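Engineer: Below, the features straight out of Swiss-Prot:
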TRANSMEM  9-29  transmembrane segment
TRANSMEM  49-69  transmembrane segment
TRANSMEM  81-103  transmembrane segment
TRANSMEM  134-154  transmembrane segment
TRANSMEM  166-186  transmembrane segment
TRANSMEM  202-222  transmembrane segment
TRANSMEM  241-261  transmembrane segment
TRANSMEM  283-303  transmembrane segment
MOTIF     316-320  motif 'Di-lysine motif'
Amino acid sequence: MSSAPASGGLRLLVCFLGVFVCYFYYGILQETITRRTYGEGEKQEKFRFALSLVFVQCIVNALFAKLLIQCFDSGKTDRTQSWLYSACSLSYLGAMVSSNSALQFVNYPTQVLGKSCKPIPVMLLGVTLLRKKYPLTKYLCVLLIVFGVALFMYKPKTGSGDGDHTVGYGELLLLLSLTLDGLTGVSQDYMRAHFQTGSNHMMLSINLWSSLFLGAGIVLTGELWDFLSFTERYPSIVYNIVLFSLTSALGQTFIFMTVVYFGPLTCSIITTTRKFFTILASVILFSNPISSIQWVGTLLVFLGLGLDATYGKGSKKPSH
């Protein structure tokens, strides 16, 4: 009978390593693609094709979800209305594009920490749109996260004002991304509650709609041709973009697996741990400077996330 706990422990290890390795490498690839300089001398340029990058990511995610449905959910019928998927996909892709675009103005630790604050918009939108009620511990955890972010973002005045505008623009993009993440979360909660939408069907349909919108966008704006020209000049980036998209899709699969077998609490702890070490790796590998007060803010944010994962779920709807 001891084989059951052993197999459960092995499965947890596989899920942990899957999430950790996929998203750790995903973070390194994202920073490599968006923040490095391409070319030499006066012909140096940066990657500025956030729409095209997310388009490739959505295509790979959709293909991966289709494969998962064929393998595990082939007998299940999805009854979710298409307009819900299309509406959700707009906030979903907007959040991803804003997040990737923000990396042109802020460093990766700032982006990761900003994206770690999802509980804030989810809670605010839950209270205002869905009239949800949360326990006091949830509000205290969110306050701790807000205080940590405020410490991280605090910059004492130095005599020069250079770069203030770009940093502010990057932070606005992160704020937009967080707001859209919150709207996506509210939409997904509605679909699960009213249509019992499965995670693989949701992943497939949202990414298909996102691919459709983005495909039209990059063709109409002409970004597609500039993106293809850029990949022709620097073919090595194609390898990084494909790996970036594959690690994203595979990482989502391990997250869903963790939620199914071990619940959202374990998944939250794993993803929170992963984000902290991603920031640490970014500081070491890409020499992103972080002051001591920013480290304090970072620790407070992850402490708030950990406490929220453990104690902030006290408000459950009664089961019938």
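Numbers here mean position along the shown chain, with the first residue as 1.
Including glycine, each Cβ sits where the backbone N, Cα and C put it.
Give me the structural setting of these features: burial, nearby parts and distances.
Structural biologist: Among residues of the same chain six or more beyond the transmembrane segment (81-103), those with a C-beta under 8 A of the stretch's C-beta atoms are 30-31, 34-35, 50-51, 53-54, 57-58, 111, 114-115, 170-171, 173-174, 176-178, 180-181, 183-184, 187-188, 190-191, 195, 202, 205-210, 213-214.
Here the transmembrane segment (134-154) has long-range neighbours at 110, 113-114, 116-117, 119-120, 123, 126-127, 171, 293-294, 296-305, 307-308, 311-312, 314-315, meaning same-chain residues at least 6 beyond its ends whose C-beta is under 8 angstroms from one of its own.
Within its own chain, the transmembrane segment (166-186) is flanked in space by residues 88, 91-92, 94-96, 98-99, 101-106, 110-111, 114-115, 117-118, 120-122, 124-126, 129-130, 153, which lie at least six positions past its ends and keep a Cβ under 8 Å from the stretch.
Here the transmembrane segment (202-222) has long-range neighbours at 51-52, 54-55, 58-59, 61-62, 64-66, 68-69, 78, 80, 82, 85-86, 88-90, 92-93, 188, 191, 252, 256, meaning same-chain residues at least 6 beyond its ends whose C-beta is under 8 angstroms from one of its own.
Within its own chain, the transmembrane segment (241-261) is flanked in space by residues 8, 11-12, 15-16, 18-19, 22-23, 25-26, 29-30, 33, 53, 56-57, 59-61, 63-65, 68, 199-200, 203, 231, 267, 270-271, which lie at least six positions past its ends and keep a Cβ under 8 Å from the stretch.
Long-range contacts of the transmembrane segment (283-303) within the same chain, counting only residues at least 6 positions beyond its ends with a Cβ under 8 Å from a Cβ of the stretch, are 28, 31, 35, 107-109, 113, 116-117, 144-145, 147-154, 272, 275-276.
Mean pLDDT of the predicted structure over the motif 'Di-lysine motif' (316-320): 40.
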Engineer: Quick test of the contact rule: Cβ under 8 Å, at least six residues beyond the ends. What residues does that give for the transmembrane segment (49-69)?
Structural biologist: 33-34, 76, 93, 96-97, 100-101, 200-201, 203-204, 207-208, 210-211, 214-215, 217-218, 221, 223-224, 226-227, 230, 241-242, 244-246, 248-250, 252-253
Engineer: List, by number or range, the same-chain residues at least 6 past the transmembrane segment (9-29) whose CB is under 8 A from its CB atoms?
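Structural biologist: For the transmembrane segment (9-29), the nonlocal Cβ contacts are 108, 112, 240, 243-244, 247-248, 250-251, 253-255, 257-258, 261-262, 266-267, 270-271, 273-274, 277-278, 281-282, 285.
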